[in-house]
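Quick look at what Swiss-Prot annotates:
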- L8, S9, G10, G11, L12, D13, S14, T15, T16, C17, M18: ATP binding site (BINDING)
- C186, C194, C197, C200: Zn(2+) binding site (BINDING)
Amino acid sequence: MKKAVVLLSGGLDSTTCMSVAHKAGYELYPLSFDYGQRHQRELEAAKAVAQYYKVKEHRLIKIEHVGGSALTDASIQVPDYTEDGQIPVTYVPARNILFLSYALGYGEVMGAEAIFIGISSVDYSGYPDCRPEFLQAFQKVVDVGTKAGVSGQTIAIKAPLLYLSKAETIQLAAENGAPLHHTTSCYRGGEKACGTCDSCTLRLKGFAEAGIKDPIDYVNQGDRSCFSTPLED
């Protein structure tokens, strides 16, 4: 069976990505990261998702000395959702470069054909490492900088959600039977999702537009003025 490394955060996008890889017939090898993020609950969610798919191995990599972000530094406040067009303080420097590099090394050792990453350039927070240009550049690195690549057996970097809106991602997850009830998206990392951070707002907006009820609990459901479809109470 063909093998795939799946970058699994425990969030909505990575879980949907996992469902796509599963449906495509890959043997799944999820990889999760503890980089000191304040939303440690996502690691519990990732474990639950991995167990749902009955994977052979779920690796957790600890990365130290990552900082400079509201997601890692207690001194930087996680802001509520905004559409100011700026790269937000929740950007973690070089995060996807680090994650993909670890996944690439792991994948080359165990003979993976693909690495799945749940990035999107549509409904996203403006992070530069979630754009098509980044994905294309990293694929080039794989092609010319690995034994697999120069031997003509390169590892494909797959981002099936890259051009999907959040609503389309949620619809795809529903079609694939992805366990979204196990997921968490909140940057603040409380027992219940806050409902007002960037990630919560984009998630709630996506569920509203998809016409599907979000299976997780929120402290509140934030500012609904940005939703084209009203949320159900």
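Note: Cβ is positioned from N, Cα and C throughout, glycine not excepted.
Under DSSP, M18 (ATP binding site) is assigned to a helix (H, G or I) in the three-state scheme. Taking only the Cα positions, the spacing between T16 (ATP binding site) and C200 (Zn(2+) binding site) is 16 angstrom. Taking only the Cα positions, the spacing between C197 (Zn(2+) binding site) and L12 (ATP binding site) is 15 angstrom.
Here the candidates are the binding-site residues C186, C194, C200. The one whose C-alpha lies nearest to that of G10 (ATP binding site) is C186. Between the alpha carbons (Cα) of C194 (Zn(2+) binding site) and L12 (ATP binding site) lies a span of roughly 15 Å. You'll find the Cα of C186 (Zn(2+) binding site) roughly 19 Å from the Cα of M18 (ATP binding site). Neighbour count (other Cβ atoms within 10 Å of the Cβ, all protein chains): 21 for C194 (Zn(2+) binding site).
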